[in-house]
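Q: Have a look at this one before I ask anything.
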Amino acid sequence: MCRFLFLFIVLVVAIGSQQFFVAGEEYNVVYGYECRQSKCVKVELTAKTIENAISLSVCRLLCGDTKVGTVWPKPTGAVRAGNFIQQVNINQITFVFPKLTKQQPLWEACKERFLQQVKNLTPDISVVKGGGSNFVVAVQLDTEIDELPRLVLDTDESYKLSVTTTPENGTVAKISGKSYFGARHGLETLSQLIVYDDIRREYQLLTDVEIEDAPVYKWRGILLDTSRHFYSVNSIKRTLDALAMVKLNTFHWHITDSQSFPLEIKAHPEFHKLGAYSPNKIYTHENISEIVLYGLIRGIRVIPEFDAPAHVSEGWQHKGMVACANYQPWKKYCGEPPCGQLDPTVEELYPILEDIYREIFELFSPEVFHMGGDEVLSKCWNSSEVIRNWMQLKGWNLEEDDFHRLWGHFQAKALERVDNVANNAKPLIILWTSSLTKEPYIDEYLDNTRYIIQIWTRGTSVEIKPILQRGYRVIISNSDALYFDCGGPSWVGSGNNWCSPYIGWQKVYENNLDNIAGEYKSQVLGGEAAIWSEQIDELTLDYRLWPRSSALAERLWSNPASGWRDAESRILNHRERLVANGIHAEALQPEWCLQNENECPVNSN
(Lines of atoms letter the chains of each structure in order from A and count residues from 1; the text may use other names and numbers.)
(Lines give C-alpha, C1' and ligand atoms only; values in the text may rest on other atoms or scores of the structure.)
Protein backbone atom coordinates (compact mmCIF):
# COMPACT_ATOMS: atom_id res chain seq x y z
CA MET A 1 0.00 0.00 0.00
CA CYS A 2 1.22 3.52 -0.72
CA ARG A 3 2.63 5.49 2.19
CA PHE A 4 0.43 8.42 1.22
CA LEU A 5 -3.32 8.92 0.82
CA PHE A 6 -5.15 10.26 -2.17
CA LEU A 7 -8.44 12.03 -2.34
CA PHE A 8 -10.81 9.39 -3.64
CA ILE A 9 -12.64 11.85 -5.85
CA VAL A 10 -9.38 12.82 -7.60
CA LEU A 11 -8.15 9.31 -8.25
CA VAL A 12 -11.29 7.50 -9.31
CA VAL A 13 -12.97 10.19 -11.38
CA ALA A 14 -14.09 9.02 -14.84
CA ILE A 15 -12.62 5.52 -14.58
CA GLY A 16 -15.51 4.11 -16.59
CA SER A 17 -14.25 5.81 -19.74
CA GLN A 18 -10.83 4.09 -19.63
CA GLN A 19 -9.88 1.09 -21.73
CA PHE A 20 -8.26 -1.91 -20.06
CA PHE A 21 -9.23 -5.60 -19.96
CA VAL A 22 -11.70 -6.42 -17.22
CA ALA A 23 -15.00 -8.33 -17.33
CA GLY A 24 -14.64 -8.84 -21.10
CA GLU A 25 -14.41 -5.12 -21.92
CA GLU A 26 -11.52 -3.59 -23.88
CA TYR A 27 -9.61 -0.59 -22.51
CA ASN A 28 -6.52 1.23 -23.85
CA VAL A 29 -4.58 1.67 -20.60
CA VAL A 30 -3.37 -1.69 -19.37
CA TYR A 31 -0.95 -0.85 -16.55
CA GLY A 32 -0.90 1.43 -13.56
CA TYR A 33 1.37 1.76 -10.52
CA GLU A 34 1.26 1.39 -6.78
CA CYS A 35 3.74 2.80 -4.29
CA ARG A 36 5.23 -0.02 -2.25
CA GLN A 37 8.12 0.55 0.13
CA SER A 38 8.96 3.88 -1.52
CA LYS A 39 9.09 2.31 -4.99
CA CYS A 40 6.69 2.57 -7.93
CA VAL A 41 5.55 -0.97 -8.76
CA LYS A 42 3.85 -1.76 -12.06
CA VAL A 43 0.47 -3.49 -11.82
CA GLU A 44 -2.04 -4.67 -14.41
CA LEU A 45 -5.24 -2.68 -14.23
CA THR A 46 -8.22 -4.74 -13.14
CA ALA A 47 -11.40 -4.04 -11.27
CA LYS A 48 -9.46 -5.00 -8.14
CA THR A 49 -6.33 -2.92 -8.70
CA ILE A 50 -7.82 0.22 -10.25
CA GLU A 51 -8.86 1.75 -6.94
CA ASN A 52 -5.26 2.09 -5.73
CA ALA A 53 -3.42 2.18 -9.06
CA ILE A 54 -2.10 5.49 -10.34
CA SER A 55 -0.16 6.56 -13.41
CA LEU A 56 3.63 6.36 -13.41
CA SER A 57 3.96 10.15 -13.53
CA VAL A 58 1.77 10.60 -10.45
CA CYS A 59 3.61 7.83 -8.64
CA ARG A 60 6.99 9.41 -9.36
CA LEU A 61 5.68 12.71 -8.08
CA LEU A 62 4.88 11.31 -4.64
CA CYS A 63 6.53 7.95 -4.09
CA GLY A 64 10.06 7.61 -2.81
CA ASP A 65 12.48 8.82 -0.21
CA THR A 66 12.96 12.10 -2.07
CA LYS A 67 9.95 14.35 -1.62
CA VAL A 68 8.49 15.79 -4.82
CA GLY A 69 10.42 13.28 -6.87
CA THR A 70 9.75 14.97 -10.21
CA VAL A 71 11.69 18.11 -9.26
CA TRP A 72 15.15 18.31 -10.82
CA PRO A 73 17.50 19.53 -9.42
CA LYS A 74 16.29 18.64 -5.98
CA PRO A 75 15.77 21.54 -3.56
CA THR A 76 18.41 22.47 -1.03
CA GLY A 77 16.15 23.94 1.67
CA ALA A 78 13.12 22.87 3.64
CA VAL A 79 10.52 20.85 1.74
CA ARG A 80 7.08 20.01 3.06
CA ALA A 81 4.82 18.08 0.75
CA GLY A 82 1.33 16.82 1.46
CA ASN A 83 -0.30 13.75 0.00
CA PHE A 84 -2.93 15.26 -2.24
CA ILE A 85 -3.17 16.02 -5.91
CA GLN A 86 -5.72 18.00 -7.81
CA GLN A 87 -6.89 17.99 -11.39
CA VAL A 88 -5.79 21.09 -13.31
CA ASN A 89 -7.52 22.76 -16.23
CA ILE A 90 -4.59 24.42 -17.99
CA ASN A 91 -6.96 26.80 -19.72
CA GLN A 92 -7.87 28.21 -16.34
CA ILE A 93 -4.42 28.80 -14.88
CA THR A 94 -4.22 32.49 -14.05
CA PHE A 95 -1.11 34.54 -13.36
CA VAL A 96 -0.60 37.52 -11.09
CA PHE A 97 2.72 39.17 -11.92
CA PRO A 98 4.81 41.39 -9.67
CA LYS A 99 3.81 45.03 -9.86
CA LEU A 100 7.11 45.81 -11.57
CA THR A 101 6.49 47.35 -14.96
CA LYS A 102 10.07 46.97 -16.19
CA GLN A 103 9.87 43.18 -15.89
CA GLN A 104 6.41 42.75 -17.40
CA PRO A 105 7.56 41.51 -20.87
CA LEU A 106 9.80 38.92 -19.24
CA TRP A 107 7.00 37.57 -17.08
CA GLU A 108 4.63 37.41 -20.04
CA ALA A 109 7.20 35.29 -21.86
CA CYS A 110 7.64 33.09 -18.78
CA LYS A 111 3.89 32.54 -18.64
CA GLU A 112 3.72 31.38 -22.26
CA ARG A 113 6.69 29.08 -21.75
CA PHE A 114 5.15 27.62 -18.57
CA LEU A 115 1.86 26.81 -20.27
CA GLN A 116 3.64 25.26 -23.24
CA GLN A 117 5.71 23.05 -20.94
CA VAL A 118 2.52 21.76 -19.32
CA LYS A 119 0.93 21.07 -22.71
CA ASN A 120 4.04 19.18 -23.77
CA LEU A 121 3.47 16.57 -21.04
CA THR A 122 1.04 14.74 -23.32
CA PRO A 123 1.57 13.92 -27.00
CA ASP A 124 -2.12 14.52 -27.76
CA ILE A 125 -3.66 17.52 -26.04
CA SER A 126 -7.06 16.72 -27.55
CA VAL A 127 -7.63 13.74 -25.23
CA VAL A 128 -7.02 15.73 -22.03
CA LYS A 129 -10.03 16.37 -19.82
CA GLY A 130 -10.30 20.03 -19.01
CA GLY A 131 -12.22 20.04 -15.77
CA GLY A 132 -14.51 22.79 -14.62
CA SER A 133 -14.15 25.97 -12.62
CA ASN A 134 -13.20 23.98 -9.54
CA PHE A 135 -9.86 23.27 -11.16
CA VAL A 136 -8.59 26.84 -11.47
CA VAL A 137 -5.02 27.48 -10.30
CA ALA A 138 -3.81 31.00 -9.52
CA VAL A 139 -0.06 31.55 -9.83
CA GLN A 140 1.13 34.57 -7.85
CA LEU A 141 4.68 35.80 -8.46
CA ASP A 142 6.54 38.32 -6.34
CA THR A 143 10.02 39.85 -6.54
CA GLU A 144 11.51 42.69 -4.55
CA ILE A 145 13.54 44.65 -7.09
CA ASP A 146 11.89 46.81 -9.77
CA GLU A 147 14.58 46.83 -12.41
CA LEU A 148 15.51 45.15 -15.64
CA PRO A 149 17.27 42.06 -14.29
CA ARG A 150 20.94 41.37 -14.82
CA LEU A 151 22.48 38.18 -13.55
CA VAL A 152 25.77 38.87 -11.76
CA LEU A 153 27.88 36.90 -9.33
CA ASP A 154 26.11 38.38 -6.32
CA THR A 155 22.56 37.83 -7.57
CA ASP A 156 20.31 36.09 -5.07
CA GLU A 157 18.65 33.19 -6.93
CA SER A 158 16.73 31.80 -3.97
CA TYR A 159 12.97 31.35 -4.00
CA LYS A 160 10.05 30.19 -1.90
CA LEU A 161 7.13 28.25 -3.32
CA SER A 162 3.87 27.25 -1.68
CA VAL A 163 0.81 25.54 -3.14
CA THR A 164 -2.33 25.60 -1.03
CA THR A 165 -6.00 24.78 -1.57
CA THR A 166 -8.79 26.32 0.50
CA PRO A 167 -12.57 26.50 -0.02
CA GLU A 168 -12.37 30.29 -0.04
CA ASN A 169 -9.49 30.83 -2.47
CA GLY A 170 -9.23 27.58 -4.38
CA THR A 171 -5.70 26.51 -5.34
CA VAL A 172 -3.05 29.20 -5.12
CA ALA A 173 0.63 28.81 -5.99
CA LYS A 174 2.70 31.58 -4.44
CA ILE A 175 6.26 32.14 -5.62
CA SER A 176 8.57 34.76 -4.18
CA GLY A 177 12.19 35.58 -4.81
CA LYS A 178 14.62 38.34 -3.99
CA SER A 179 15.31 38.69 -7.71
CA TYR A 180 13.61 37.95 -11.00
CA PHE A 181 15.93 34.97 -11.37
CA GLY A 182 14.89 33.37 -8.10
CA ALA A 183 11.19 33.78 -8.83
CA ARG A 184 11.72 32.37 -12.32
CA HIS A 185 13.39 29.30 -10.80
CA GLY A 186 10.35 28.90 -8.55
CA LEU A 187 8.07 28.93 -11.57
CA GLU A 188 10.27 26.24 -13.13
CA THR A 189 9.81 24.11 -10.02
CA LEU A 190 6.05 24.64 -10.10
CA SER A 191 5.96 23.30 -13.67
CA GLN A 192 7.57 20.10 -12.37
CA LEU A 193 4.83 19.66 -9.76
CA ILE A 194 2.33 19.22 -12.60
CA VAL A 195 2.17 15.82 -14.28
CA TYR A 196 -0.08 14.17 -16.84
CA ASP A 197 -2.13 11.21 -15.58
CA ASP A 198 -2.58 8.93 -18.61
CA ILE A 199 -5.04 6.70 -16.76
CA ARG A 200 -7.54 9.49 -16.14
CA ARG A 201 -6.37 11.77 -18.97
CA GLU A 202 -5.89 14.71 -16.63
CA TYR A 203 -3.21 17.14 -15.60
CA GLN A 204 -2.56 16.73 -11.90
CA LEU A 205 -0.95 19.22 -9.50
CA LEU A 206 0.60 18.35 -6.16
CA THR A 207 -1.01 20.56 -3.54
CA ASP A 208 -0.20 21.35 0.09
CA VAL A 209 3.46 22.03 -0.73
CA GLU A 210 6.09 24.38 0.68
CA ILE A 211 9.60 24.58 -0.75
CA GLU A 212 12.53 26.83 0.13
CA ASP A 213 15.35 26.56 -2.33
CA ALA A 214 18.62 28.21 -3.34
CA PRO A 215 21.66 27.09 -5.36
CA VAL A 216 24.92 26.02 -3.77
CA TYR A 217 27.05 27.46 -6.59
CA LYS A 218 26.76 30.84 -8.33
CA TRP A 219 28.13 29.69 -11.69
CA ARG A 220 26.32 26.74 -13.28
CA GLY A 221 26.75 26.33 -16.98
CA ILE A 222 27.75 24.74 -20.22
CA LEU A 223 30.21 25.84 -22.88
CA LEU A 224 29.30 25.58 -26.54
CA ASP A 225 31.96 25.95 -29.22
CA THR A 226 30.35 27.38 -32.39
CA SER A 227 33.53 27.73 -34.43
CA ARG A 228 34.45 24.12 -35.25
CA HIS A 229 30.84 23.66 -36.38
CA PHE A 230 28.22 26.34 -36.84
CA TYR A 231 25.03 26.02 -34.77
CA SER A 232 21.78 27.59 -35.87
CA VAL A 233 20.06 30.14 -33.67
CA ASN A 234 17.22 27.67 -33.14
CA SER A 235 19.58 24.98 -31.86
CA ILE A 236 21.12 27.47 -29.43
CA LYS A 237 17.64 28.49 -28.24
CA ARG A 238 16.73 24.85 -27.75
CA THR A 239 19.84 24.47 -25.60
CA LEU A 240 18.83 27.51 -23.54
CA ASP A 241 15.37 25.98 -23.05
CA ALA A 242 16.95 22.85 -21.60
CA LEU A 243 19.36 24.85 -19.43
CA ALA A 244 16.39 26.68 -17.93
CA MET A 245 14.58 23.43 -17.16
CA VAL A 246 17.38 22.41 -14.77
CA LYS A 247 18.24 25.91 -13.49
CA LEU A 248 21.65 26.12 -15.14
CA ASN A 249 22.35 29.84 -15.36
CA THR A 250 25.35 30.28 -17.70
CA PHE A 251 25.73 29.78 -21.44
CA HIS A 252 29.44 30.18 -22.18
CA TRP A 253 29.68 30.97 -25.87
CA HIS A 254 33.05 30.06 -27.41
CA ILE A 255 32.11 31.92 -30.54
CA THR A 256 35.36 32.08 -32.59
CA ASP A 257 38.49 29.99 -33.05
CA SER A 258 41.16 29.28 -35.63
CA GLN A 259 38.77 27.25 -37.82
CA SER A 260 36.15 29.97 -38.31
CA PHE A 261 35.16 33.51 -37.35
CA PRO A 262 31.33 33.52 -37.50
CA LEU A 263 30.87 36.68 -35.38
CA GLU A 264 29.73 39.79 -37.25
CA ILE A 265 32.05 42.72 -36.56
CA LYS A 266 30.56 45.78 -38.21
CA ALA A 267 33.73 47.83 -37.78
CA HIS A 268 35.73 45.13 -39.60
CA PRO A 269 33.36 43.08 -41.78
CA GLU A 270 36.29 41.29 -43.40
CA PHE A 271 36.54 39.08 -40.30
CA HIS A 272 33.22 37.32 -40.76
CA LYS A 273 33.28 37.60 -44.56
CA LEU A 274 36.62 35.80 -44.77
CA GLY A 275 36.29 33.75 -41.60
CA ALA A 276 32.79 32.24 -41.71
CA TYR A 277 32.19 28.86 -43.33
CA SER A 278 29.61 30.46 -45.62
CA PRO A 279 27.61 33.72 -45.79
CA ASN A 280 24.64 32.05 -44.07
CA LYS A 281 26.77 30.82 -41.17
CA ILE A 282 27.29 34.15 -39.42
CA TYR A 283 25.94 35.35 -36.08
CA THR A 284 24.66 38.84 -36.81
CA HIS A 285 24.14 41.49 -34.16
CA GLU A 286 20.42 40.80 -34.42
CA ASN A 287 20.99 37.08 -33.84
CA ILE A 288 23.10 37.74 -30.78
CA SER A 289 20.68 40.23 -29.24
CA GLU A 290 17.88 37.71 -29.76
CA ILE A 291 19.86 34.94 -28.04
CA VAL A 292 20.90 37.16 -25.12
CA LEU A 293 17.26 38.17 -24.48
CA TYR A 294 16.08 34.59 -24.89
CA GLY A 295 18.58 33.55 -22.23
CA LEU A 296 17.64 36.41 -19.89
CA ILE A 297 13.98 35.37 -19.91
CA ARG A 298 15.10 31.88 -18.88
CA GLY A 299 17.42 33.07 -16.12
CA ILE A 300 20.62 32.54 -18.11
CA ARG A 301 23.59 34.84 -18.64
CA VAL A 302 25.29 34.54 -22.02
CA ILE A 303 29.04 34.89 -21.49
CA PRO A 304 31.11 35.58 -24.62
CA GLU A 305 34.59 34.20 -25.07
CA PHE A 306 37.02 35.77 -27.52
CA ASP A 307 39.97 33.43 -27.30
CA ALA A 308 43.42 35.01 -27.75
CA PRO A 309 46.29 35.19 -28.41
CA ALA A 310 46.20 31.58 -29.72
CA HIS A 311 43.32 29.89 -31.56
CA VAL A 312 43.13 32.52 -34.32
CA SER A 313 43.55 32.07 -38.06
CA GLU A 314 40.48 32.22 -40.32
CA GLY A 315 39.25 35.77 -40.80
CA TRP A 316 42.63 37.28 -40.01
CA GLN A 317 44.02 36.80 -43.53
CA HIS A 318 45.81 39.75 -45.11
CA LYS A 319 46.30 41.60 -41.81
CA GLY A 320 49.87 40.56 -41.11
CA MET A 321 49.05 40.06 -37.43
CA VAL A 322 49.08 36.27 -37.09
CA ALA A 323 52.13 34.06 -36.59
CA CYS A 324 52.39 30.46 -37.86
CA ALA A 325 49.06 30.73 -39.70
CA ASN A 326 48.15 27.27 -41.03
CA TYR A 327 51.74 26.06 -40.65
CA GLN A 328 52.54 22.41 -41.33
CA PRO A 329 53.28 20.03 -39.78
CA TRP A 330 50.73 21.61 -37.50
CA LYS A 331 51.61 19.55 -34.42
CA LYS A 332 54.87 21.50 -34.06
CA TYR A 333 53.08 24.83 -33.72
CA CYS A 334 49.59 24.39 -32.24
CA GLY A 335 47.16 22.08 -30.50
CA GLU A 336 45.08 21.35 -33.61
CA PRO A 337 44.85 22.60 -37.20
CA PRO A 338 44.82 25.25 -38.48
CA CYS A 339 47.54 26.94 -36.45
CA GLY A 340 47.66 30.63 -35.65
CA GLN A 341 48.56 33.02 -32.81
CA LEU A 342 48.23 36.79 -32.72
CA ASP A 343 51.51 38.64 -33.03
CA PRO A 344 51.79 40.79 -29.86
CA THR A 345 54.54 42.92 -31.42
CA VAL A 346 52.22 44.51 -34.01
CA GLU A 347 50.92 47.75 -32.51
CA GLU A 348 48.10 47.99 -35.06
CA LEU A 349 46.63 44.82 -33.55
CA TYR A 350 45.37 46.46 -30.38
CA PRO A 351 43.02 49.07 -31.91
CA ILE A 352 41.42 46.24 -33.89
CA LEU A 353 41.00 44.20 -30.71
CA GLU A 354 39.39 47.23 -29.08
CA ASP A 355 36.88 47.45 -31.93
CA ILE A 356 36.04 43.77 -31.53
CA TYR A 357 35.72 44.10 -27.75
CA ARG A 358 33.52 47.19 -28.14
CA GLU A 359 30.95 45.37 -30.23
CA ILE A 360 31.03 42.34 -27.93
CA PHE A 361 30.39 44.54 -24.89
CA GLU A 362 27.59 46.40 -26.65
CA LEU A 363 25.89 43.11 -27.50
CA PHE A 364 26.45 41.09 -24.32
CA SER A 365 26.97 43.71 -21.55
CA PRO A 366 29.04 41.15 -19.63
CA GLU A 367 29.97 41.53 -16.00
CA VAL A 368 32.52 38.78 -16.69
CA PHE A 369 34.44 38.48 -19.97
CA HIS A 370 36.28 35.38 -21.11
CA MET A 371 39.60 36.19 -22.81
CA GLY A 372 40.57 32.57 -23.49
CA GLY A 373 44.33 32.19 -23.16
CA ASP A 374 44.31 28.54 -24.15
CA GLU A 375 47.16 26.57 -25.75
CA VAL A 376 49.63 29.37 -26.43
CA LEU A 377 52.83 27.75 -27.72
CA SER A 378 56.21 29.47 -27.83
CA LYS A 379 57.16 27.44 -30.92
CA CYS A 380 54.61 29.37 -32.94
CA TRP A 381 55.99 32.78 -31.96
CA ASN A 382 59.54 31.52 -32.27
CA SER A 383 58.85 30.61 -35.90
CA SER A 384 58.40 34.32 -36.74
CA GLU A 385 61.51 36.29 -37.62
CA VAL A 386 59.63 39.52 -36.96
CA ILE A 387 58.78 38.44 -33.40
CA ARG A 388 62.28 37.16 -32.70
CA ASN A 389 63.85 40.42 -33.89
CA TRP A 390 61.42 42.51 -31.81
CA MET A 391 62.22 40.52 -28.67
CA GLN A 392 65.98 40.73 -29.19
CA LEU A 393 65.85 44.49 -29.81
CA LYS A 394 64.29 44.76 -26.37
CA GLY A 395 67.17 42.79 -24.90
CA TRP A 396 65.09 39.68 -24.35
CA ASN A 397 66.27 36.17 -25.02
CA LEU A 398 64.29 33.50 -26.85
CA GLU A 399 63.68 31.18 -23.91
CA GLU A 400 60.37 30.05 -22.36
CA ASP A 401 60.51 32.81 -19.76
CA ASP A 402 60.87 35.38 -22.53
CA PHE A 403 57.94 34.06 -24.53
CA HIS A 404 55.81 34.14 -21.38
CA ARG A 405 56.96 37.71 -20.94
CA LEU A 406 55.69 38.36 -24.49
CA TRP A 407 52.40 36.70 -23.54
CA GLY A 408 52.15 38.86 -20.44
CA HIS A 409 52.81 41.90 -22.62
CA PHE A 410 49.92 40.90 -24.88
CA GLN A 411 47.57 40.22 -21.99
CA ALA A 412 48.26 43.58 -20.36
CA LYS A 413 47.72 45.55 -23.58
CA ALA A 414 44.60 43.58 -24.53
CA LEU A 415 43.19 44.12 -21.04
CA GLU A 416 43.69 47.87 -21.41
CA ARG A 417 41.50 47.73 -24.51
CA VAL A 418 38.83 45.76 -22.65
CA ASP A 419 38.80 48.42 -19.94
CA ASN A 420 38.49 51.15 -22.54
CA VAL A 421 35.27 49.71 -23.99
CA ALA A 422 33.94 48.87 -20.52
CA ASN A 423 34.29 52.54 -19.51
CA ASN A 424 36.94 51.53 -16.96
CA ALA A 425 34.41 49.41 -15.06
CA LYS A 426 37.14 46.76 -14.90
CA PRO A 427 35.06 43.65 -15.62
CA LEU A 428 36.27 40.38 -14.22
CA ILE A 429 38.30 38.33 -16.68
CA ILE A 430 38.30 34.56 -17.12
CA LEU A 431 41.32 32.69 -18.45
CA TRP A 432 41.81 28.99 -19.03
CA THR A 433 44.46 27.12 -17.08
CA SER A 434 47.67 27.19 -19.06
CA SER A 435 51.39 27.63 -18.59
CA LEU A 436 50.63 31.28 -17.76
CA THR A 437 48.61 30.17 -14.72
CA LYS A 438 51.57 28.17 -13.38
CA GLU A 439 54.42 29.37 -11.20
CA PRO A 440 56.19 31.73 -11.59
CA TYR A 441 54.20 33.39 -14.39
CA ILE A 442 50.88 33.57 -12.59
CA ASP A 443 52.44 35.78 -9.89
CA GLU A 444 54.01 38.11 -12.40
CA TYR A 445 51.26 38.59 -14.95
CA LEU A 446 47.83 37.84 -13.38
CA ASP A 447 46.09 39.79 -10.60
CA ASN A 448 43.96 37.52 -8.41
CA THR A 449 41.44 40.30 -7.77
CA ARG A 450 40.84 40.65 -11.50
CA TYR A 451 41.20 37.17 -12.95
CA ILE A 452 39.06 34.07 -12.55
CA ILE A 453 40.75 30.84 -13.66
CA GLN A 454 38.73 28.20 -15.49
CA ILE A 455 40.25 24.80 -14.80
CA TRP A 456 40.16 22.26 -17.61
CA THR A 457 42.87 19.89 -16.38
CA ARG A 458 41.97 16.64 -14.65
CA GLY A 459 40.38 17.08 -11.25
CA THR A 460 43.41 15.50 -9.61
CA SER A 461 45.93 17.79 -11.32
CA VAL A 462 48.69 19.23 -9.16
CA GLU A 463 48.22 22.53 -11.02
CA ILE A 464 44.95 23.31 -9.22
CA LYS A 465 46.09 23.79 -5.63
CA PRO A 466 48.76 26.46 -6.31
CA ILE A 467 46.11 28.54 -8.11
CA LEU A 468 43.75 28.28 -5.16
CA GLN A 469 46.51 28.95 -2.63
CA ARG A 470 47.07 32.30 -4.32
CA GLY A 471 43.47 33.32 -3.73
CA TYR A 472 42.11 33.00 -7.27
CA ARG A 473 38.46 32.21 -7.74
CA VAL A 474 37.92 29.30 -10.08
CA ILE A 475 35.35 27.73 -12.38
CA ILE A 476 35.84 23.99 -12.68
CA SER A 477 35.55 22.19 -16.03
CA ASN A 478 37.86 19.27 -15.30
CA SER A 479 38.25 17.34 -18.54
CA ASP A 480 38.03 13.91 -16.92
CA ALA A 481 34.39 14.54 -15.92
CA LEU A 482 33.05 17.61 -17.74
CA TYR A 483 34.36 17.41 -21.32
CA PHE A 484 31.33 16.02 -23.11
CA ASP A 485 33.08 15.61 -26.46
CA CYS A 486 35.21 12.80 -25.01
CA GLY A 487 34.69 9.29 -26.28
CA GLY A 488 34.93 8.81 -30.02
CA PRO A 489 37.41 8.31 -32.84
CA SER A 490 40.36 10.61 -33.20
CA TRP A 491 39.83 13.17 -35.94
CA VAL A 492 43.55 13.72 -36.55
CA GLY A 493 44.75 10.13 -36.49
CA SER A 494 43.88 6.57 -35.56
CA GLY A 495 42.43 5.36 -32.28
CA ASN A 496 40.16 7.38 -30.01
CA ASN A 497 40.15 11.09 -29.28
CA TRP A 498 42.52 12.44 -26.67
CA CYS A 499 40.18 12.51 -23.68
CA SER A 500 38.43 9.17 -24.20
CA PRO A 501 36.61 7.24 -22.86
CA TYR A 502 33.06 8.55 -22.99
CA ILE A 503 32.01 10.12 -19.70
CA GLY A 504 28.77 8.70 -18.28
CA TRP A 505 26.21 10.74 -16.38
CA GLN A 506 27.16 8.89 -13.20
CA LYS A 507 30.68 10.30 -13.26
CA VAL A 508 29.31 13.77 -13.92
CA TYR A 509 26.98 13.44 -10.94
CA GLU A 510 29.78 12.22 -8.67
CA ASN A 511 32.16 15.03 -9.71
CA ASN A 512 32.15 16.81 -6.36
CA LEU A 513 33.82 20.21 -6.64
CA ASP A 514 34.44 20.30 -2.90
CA ASN A 515 36.72 17.31 -3.24
CA ILE A 516 38.66 18.99 -6.05
CA ALA A 517 39.16 22.26 -4.16
CA GLY A 518 39.55 20.83 -0.66
CA GLU A 519 40.09 23.51 1.96
CA TYR A 520 39.76 26.22 -0.70
CA LYS A 521 36.23 25.26 -1.73
CA SER A 522 34.91 28.74 -0.89
CA GLN A 523 36.85 30.03 -3.91
CA VAL A 524 34.94 27.79 -6.33
CA LEU A 525 32.30 29.84 -8.16
CA GLY A 526 30.89 26.73 -9.80
CA GLY A 527 31.42 24.64 -12.89
CA GLU A 528 30.77 24.17 -16.58
CA ALA A 529 30.49 21.22 -18.91
CA ALA A 530 32.14 21.76 -22.28
CA ILE A 531 31.02 20.85 -25.78
CA TRP A 532 34.04 21.28 -28.03
CA SER A 533 32.67 20.84 -31.50
CA GLU A 534 35.35 19.21 -33.62
CA GLN A 535 33.11 16.12 -33.91
CA ILE A 536 29.76 17.49 -32.77
CA ASP A 537 27.25 19.65 -34.61
CA GLU A 538 23.66 20.66 -33.99
CA LEU A 539 22.38 17.26 -35.18
CA THR A 540 24.25 15.50 -32.36
CA LEU A 541 24.26 18.30 -29.80
CA ASP A 542 21.26 17.30 -27.71
CA TYR A 543 22.26 13.76 -26.92
CA ARG A 544 25.82 14.87 -26.11
CA LEU A 545 24.53 17.44 -23.63
CA TRP A 546 21.46 15.75 -22.15
CA PRO A 547 20.80 14.34 -19.68
CA ARG A 548 24.45 14.55 -18.61
CA SER A 549 24.09 18.32 -18.18
CA SER A 550 21.14 17.58 -15.90
CA ALA A 551 23.47 15.51 -13.72
CA LEU A 552 25.81 18.50 -13.61
CA ALA A 553 22.88 20.79 -12.79
CA GLU A 554 21.94 18.81 -9.68
CA ARG A 555 25.57 18.67 -8.58
CA LEU A 556 25.92 22.45 -8.91
CA TRP A 557 22.51 23.43 -7.55
CA SER A 558 22.12 20.88 -4.75
CA ASN A 559 25.62 19.43 -4.22
CA PRO A 560 23.96 16.23 -2.96
CA ALA A 561 25.63 14.13 -0.29
CA SER A 562 24.14 11.01 -1.87
CA GLY A 563 25.49 9.39 -5.03
CA TRP A 564 24.16 8.62 -8.48
CA ARG A 565 22.38 5.43 -7.44
CA ASP A 566 19.92 7.44 -5.35
CA ALA A 567 19.28 9.71 -8.35
CA GLU A 568 18.91 7.02 -11.02
CA SER A 569 15.14 6.57 -11.08
CA ARG A 570 14.66 10.34 -10.89
CA ILE A 571 16.94 11.10 -13.83
CA LEU A 572 15.16 8.48 -15.96
CA ASN A 573 11.90 10.26 -15.24
CA HIS A 574 13.51 13.67 -15.80
CA ARG A 575 14.87 12.52 -19.16
CA GLU A 576 11.29 11.83 -20.27
CA ARG A 577 10.37 15.43 -19.43
CA LEU A 578 13.31 16.69 -21.51
CA VAL A 579 12.16 14.61 -24.47
CA ALA A 580 8.57 15.81 -24.06
CA ASN A 581 9.90 19.36 -24.39
CA GLY A 582 11.70 18.70 -27.65
CA ILE A 583 15.17 17.88 -26.30
CA HIS A 584 16.66 14.82 -28.01
CA ALA A 585 18.24 13.56 -24.81
CA GLU A 586 20.29 10.38 -24.80
CA ALA A 587 18.58 7.23 -23.55
CA LEU A 588 20.19 5.91 -20.37
CA GLN A 589 18.48 2.53 -19.99
CA PRO A 590 15.83 0.44 -21.76
CA GLU A 591 12.34 1.84 -21.26
CA TRP A 592 11.52 -1.28 -19.25
CA CYS A 593 13.80 0.07 -16.52
CA LEU A 594 11.85 3.33 -16.43
CA GLN A 595 8.65 1.35 -15.92
CA ASN A 596 10.16 -1.09 -13.41
CA GLU A 597 11.93 1.09 -10.87
CA ASN A 598 15.21 -0.16 -9.41
CA GLU A 599 15.01 -3.52 -11.19
CA CYS A 600 17.96 -2.89 -13.53
CA PRO A 601 20.97 -1.88 -11.38
CA VAL A 602 23.27 -4.73 -10.39
CA ASN A 603 22.89 -5.62 -6.69
CA SER A 604 19.98 -3.21 -6.34
CA ASN A 605 18.12 -5.31 -3.79
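Positions of Cβ are set from backbone N, Cα and C atoms, glycine also.
Positions annotated as active site, proton donor by TrEMBL: E375. The feature domain 'Beta-hexosaminidase eukaryotic type N-terminal' is assigned by TrEMBL to 139-193. Residues annotated as domain 'Glycoside hydrolase family 20 catalytic' in TrEMBL: 217-559. According to TrEMBL, the feature signal peptide maps to 1-17.
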Q: For the domain 'Beta-hexosaminidase eukaryotic type N-terminal' (139-193), what is the mean per-residue pLDDT, to the nearest integer?
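A: Here the mean pLDDT over the domain 'Beta-hexosaminidase eukaryotic type N-terminal' (139-193) amounts to 92.
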Q: 10 Å Cβ neighbour count around the residue listed as 'active site, proton donor'?
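A: Other Cβ atoms found within 10 Å: 17.
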Q: Tally the residues of the domain 'Beta-hexosaminidase eukaryotic type N-terminal' (139-193) by DSSP class, grouping H, G and I as helix, E and B as strand, and everything else as coil.
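A: Per-class counts: 13 helix, 21 strand, 21 coil.
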